[in-house]
Ligand SMILES: NC(=O)CC[C@H](N)C(=O)O
């Protein structure tokens, strides 16, 4: 048996964790984040929102069910690096096609298996988000590697949606009878999202991140959807501009995660970086209209700054914070009261994850069925 290759994870503050190489060998840099889901490592790895992030899994065994060809959320692994405690020695599942180790190697994803994932998570919770590097077979001392980590790009100010978005538009057909046309702006969309809309009779026209309002309106959509995506929402002015054009045209709008942040910005709200973000499948979110709590899937490092108490003014009438996270009171949803638009900071498409919030897609359909308050709705009602 060959000896495992040593590897080291180095944080920008100089803290280092030793282990062995997992996946491809080499070196990689990114923002260090931890994900707490006990299941769904394939969906995590292929979520474009993790672009340029090194993801540590807090669940201690990863790879147990191998890799299948059905669960990926996109055509490739997006994480910049992968940190696990103990890789499964045997992959066992009827859908498994290959081991996770092989898949990471095939896709050139550098990772580390190390005993310290719990210590790492506690460190990030105490010190906050920071950059990191994974180095296999390292030859330089840790302090030198930390110096290199400190010269790698920061997540604050990073405009990444364009790097993961589709190059060309495509259409996901409605399942069964078509009820609505949706224009979905792909800022890093996950495969499950158009699927959830298609199951509800939506024909989904997925458009590149740089689509203009004119491109969106050319689809003549009943509703416009803004997806999740990587990077700092404060850097995505083009998406805010497109959404502003859509809002001026008074089409119904629904946004998820990055989409929630972009809607917030279009309403004149700011965004900020959370201390260490929410990534996992058991975050409690309360719908403030009903008091109902959903257990929900999350992946966000930024959040919208909005007044929690009472409606606030926006260029499109009154808005309110519709959902809050019960762990930290962070804004988890926005809703306009005088215009058919809403968004959530979490993932109702939830694969993997709880399905408590799947009804939000029905709410979007109900908004589209009600028609826009503007031209298209009027036309439908009159014609
Ligand atoms: N999943 C997402 O859409 C993430 C949005 C944004 N990149 C954040 O980290 O907050």
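Yeah, the Cβs are placed from backbone N, Cα and C, and that goes for glycine too.
Taken from TrEMBL, the feature region 'CPSase' applies to 1-173. Across the residues of the region 'CPSase' (1-173), the predicted structure has a mean pLDDT of 97.
Summarising the annotation, TrEMBL assigns domain 'Carbamoyl-phosphate synthase small subunit N-terminal' to 5-135.
Annotated L-glutamine binding site per TrEMBL: 49, 229, 231, 258, 261, 299, 301, 302, in sequence order. When secondary structure is read from DSSP and collapsed to three states, residue 258 (L-glutamine binding site) falls in the helix class. Sequence-distant contacts of residue 258 (L-glutamine binding site), defined as residues of its own chain at least six apart whose C-beta falls under 8 angstroms from its C-beta, comprise 49, 161, 187, 188, 226, 227, 228, 229, 230, 231, 233, 236.
Taken from TrEMBL, the feature active site, nucleophile applies to 257. Annotation for residue 257 (active site, nucleophile): spatial neighbours 49, 227, 228, 229, 299, 300, 344, 345, 346, 347, criterion Cβ-Cβ under 8 Å with sequence separation of six or more.
Per TrEMBL, active site is recorded for 347 (among others). Under DSSP, residue 347 (active site) is assigned to a strand (E or B) in the three-state scheme.
Residues within less than 8 Å, Cβ to Cβ, of residue 349 (active site) and separated from it by at least 6 positions along the same chain comprise 190, 192, 193, 195, 196, 256, 358, 361. Here TrEMBL flags 349 (among others) as active site.
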(request) Could you check what DSSP calls residue 299 (L-glutamine binding site) once collapsed to helix, strand or coil? (result) strand
(request) Count the Cβ atoms, other than its own, that fall within 10 Å of the Cβ of residue 49 (L-glutamine binding site), considering every protein chain shown. (result) 27
(request) Let me know the most crowded of the binding-site residues, choosing from 229, 301 and counting other Cβ atoms within 10 Å. (result) 229
(request) Measure the Cβ-based neighbour count of residue 261 (L-glutamine binding site), defined as the other Cβ atoms within 10 Å of its Cβ. (result) 31
